Amino acid sequence: MSLLPFPRLAPVFLAAALFTGAVHAADASTVPDTLKQRIAACTACHGEHGQGTPESGFFPRLAGKPAGYLARQIRNFQDGLRKYAPMEYTVRGLTPAYMHEIAGYFAAQQVPYERSPVPRVDADALKRGQLLATQGDPARRIPACAACHGAQLTGVEPDIPGLVGLPYDYISAQLGSWRTHTRAMVTPDCMETIASRLSEADITAVSAWLATQDVPPDAHAQPAGSVTPPLACGVLGAKEVAR
Amino acid sequence: MKWLLRGFLAVLGLLVAGVAWWLFAQHHAALPPARTTAAKLQDPQLIARGAYLAAIGDCAACHTAQGGQPYAGGRALPTPFGDVPAPNLTPDDATGLGQWSFDAFWRALHEGVGRDGHALYPAFPYTSYTRVSRQDAFALFAYLRSLPPVRSETGAPSLRFPYDLRASLATWRTLYFRPGEFVPDPKQSAEWNRGAYLVQGLGHCNECHVARDNLGGLPKGETLTGGQIPAQNWYAPDLSTRAHGGLEGWRADDIVALLKTGQSAKGAAFGPMADVVTQSTQHMRDDDLRAIATYLQSLPPRPARAGGGSEVDATALISRGGKLYAQQCASCHGQDGQGVAGVYPPLAGNASVTEPTGINAIRVVLLGGFAPSTAAHLRPYSMPPFAQQLSDADVAAVVSYIRHAWSNDASPVMERDVANYRHTPVE
């Protein structure tokens, strides 16, 4: 009669016994008391430096985005303004102070930008994309991206993210999600207004043009107050007005 | 044949009369609107006590929409019968409790009947709240009256047929609900009685920590024996600390620590319990937490459960899981499954690892997540989600391993179980 209740599993116990030498149960003093160690739930997908997955665009880059913007996104997932179940679950209990600390960590990361694949679009579409990004389409009351996201399109502190260096899939998916109401901001939601005025072809064009732009040597967001937004934006402090 | 027909008609007549009488018995009068707010309700001490009681009852958890105003309602509670939105508890006249008198509030809490006389759906846990004392109900009411009124209409429940019928609800209440009150047990200490009152009443622990039947009813005479939370798919473990209990070996200090900080030497709160700790139990006074621990420690031993021996030969699965564990999990939870005190929970002897279904371990491996944010852990550590990294087969292997390793002796889980829970909504 075997001493083990489940003789079939003897090899498992043997294997476990062999591994025991390699990894000890640590005590608290051996776990790094760092934010990086604490936020394994974030870095597992977004990368240790918030680099994201530029090749697929599935997990967005967080590195170098304005801290105010990042903190607001965490809050928006908590409040259900942005819909993505794994993110909503992960951030649901975080306190505002912790959210800001985590946002600050990723905002401070310096990671070189990588080129991501862009679908084949014709020259006319790219031209249209450039026009939308740099001048907008006044006839359809579509402001230029640059009007808010900065002349270099690298964003404006503290709340406006950069648009260059992002994958095509990511940009087009975000514009799409404003139209399907799975991404929203505090009202008045200026991006929802803009996304609703863009056609699908516009979204493809502007996403493709942005994704093909070189990132300037200094990709930091421009200082606060560098732009005067043409639309009322709740995230930039505008109050809801009766419509 | 005439006698047969006559007999049939007589039986039918009796039935109709019975149903009519029964429906009449279920009828409750609408109560008039509150005249004026009694000065008594404005006593700041009473309001503060009500705020504390509302935290114990975790009222805001259901009565606040995601990102919404506190207590303004709107969150839909998912049930196997459909969604039931929680109403607005702020004192708005049109959409909240503005027109409610204390008598109406008391009747809702104690009898599960709304101000208009209609029975309330038991998604509102009046099955537990019926034990709340009238005095505590008054403090709760004073607190809710003190909130800023928010105009917020709550939608109607979206229940499937036949659960949407009033008669179905009347039947349910006949089967599963009697208004009651908490009767102290003179043989027990004051602390035990306080714990029993909190657990059975406002804490409404039994609403999740017991297996409901197919009609969503709570079994009579069985308390806190653990069960899968319907529609949410988490397993709320058995809470007995004695032999074969879900919390076997937990000391009073462990229970207090988990409720106060979200973590204990025996395991951490996650999923719905993490929300309960963050929003409710961490705000409770130490004497109340200790009372709860005292009461839980008195729950009886449970019958022995069948061990991990299963008809399926899980040797290969568990062996593969052991290798995955060494690669992916041991650096935090330790090869010996002991975790790191105050940082990473132990898995050896962890009630949520060994609970009967394996759902909790499967979902935690898939979702990862932060330990609860509490005053004791304002910057909690977290676990990476493995949903992207591990296949269903890998998750089944590693979960089967941790359910069997060390002192643990629970059944293996299968790949199809992981597939089932991979896409369970998190709300």
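Along the chain as shown, residues are numbered 1 onward.
Here the Cβ of each residue, glycine as well, is placed from N, Cα and C on the backbone.
Per TrEMBL, the features are:
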BINDING   B:CYS59, B:CYS62, B:HIS63  heme c 1 binding site
BINDING   B:CYS205, B:CYS208, B:HIS209  heme c 2 binding site
BINDING   B:CYS329, B:CYS332, B:HIS333  heme c 3 binding site
DOMAIN    B:45-148  domain 'Cytochrome c'
DOMAIN    B:190-300  domain 'Cytochrome c'
DOMAIN    B:316-406  domain 'Cytochrome c'
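Positions of the features from TrEMBL, shown on the structure.
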{"residue": "B:CYS59", "record": "heme c 1 binding site", "contacts (Cβ under 8 Å, 6+ apart)": "B:TYR71, B:LEU89, B:LEU140"}
{"residue": "B:CYS62", "record": "heme c 1 binding site", "contacts (Cβ under 8 Å, 6+ apart)": "B:ARG75, B:LEU77, B:ALA86, B:ALA123"}
{"residue": "B:HIS63", "record": "heme c 1 binding site", "contacts (Cβ under 8 Å, 6+ apart)": "B:TYR71, B:ALA72, B:GLY73, B:ARG75, B:ALA86, B:PRO87, B:ASN88, B:LEU89"}
{"residue": "B:CYS205", "record": "heme c 2 binding site", "contacts (Cβ under 8 Å, 6+ apart)": "B:SER128, B:VAL199, B:LEU224, B:LEU239"}
{"residue": "B:CYS208", "record": "heme c 2 binding site", "contacts (Cβ under 8 Å, 6+ apart)": "B:GLY227, B:ILE229, B:ALA236, B:PRO272"}
{"residue": "B:HIS209", "record": "heme c 2 binding site", "contacts (Cβ under 8 Å, 6+ apart)": "B:LEU224, B:THR225, B:GLY226, B:GLY227, B:ALA236, B:PRO237, B:ASP238, B:LEU239"}
{"residue": "B:CYS329", "record": "heme c 3 binding site", "contacts (Cβ under 8 Å, 6+ apart)": "B:LEU347, B:VAL398, B:ILE402"}
{"residue": "B:CYS332", "record": "heme c 3 binding site", "contacts (Cβ under 8 Å, 6+ apart)": "B:GLY339, B:VAL340, B:VAL343, B:TYR344, B:MET383"}
{"residue": "B:HIS333", "record": "heme c 3 binding site", "contacts (Cβ under 8 Å, 6+ apart)": "B:GLY339, B:TYR344, B:PRO345, B:PRO346, B:LEU347"}
| note | Same-chain, non-site residues whose Cβ lies within 8 A of the B:CYS329, B:CYS332, B:HIS333 Cβ center for heme c 3 are B:TYR325, B:GLN328, B:ALA330, B:SER331, B:GLY334, B:GLY339, B:TYR344, B:LEU347, B:MET383
| query | If you take the centroid of the Cβ atoms of B:CYS205, B:CYS208, B:HIS209, the listed heme c 2 site, which other residues of that chain have their Cβ within 8 Å of it? | reply | B:HIS204, B:ASN206, B:GLU207, B:VAL210, B:LEU224, B:ALA236, B:LEU239
| field | CB-centroid shell, 8 A cutoff, heme c 1 site B:CYS59, B:CYS62, B:HIS63, site residues removed | value | B:GLY57, B:ASP58, B:ALA60, B:ALA61, B:THR64, B:TYR71, B:GLY73, B:ARG75, B:ALA86, B:LEU89
| query | Helix, strand or coil at B:HIS63 (heme c 1 binding site), per DSSP? | reply | helix
| Mean per-residue pLDDT computed across the domain 'Cytochrome c' (B:316-406) | 96
| Using DSSP, how many residues in the domain 'Cytochrome c' (B:316-406) fall into helix, strand and coil? | 43 helix, 8 strand, 40 coil
| query | How many of the residues that make up the domain 'Cytochrome c' (B:190-300) does DSSP mark as helix, as strand and as coil? | reply | 48 helix, 10 strand, 53 coil
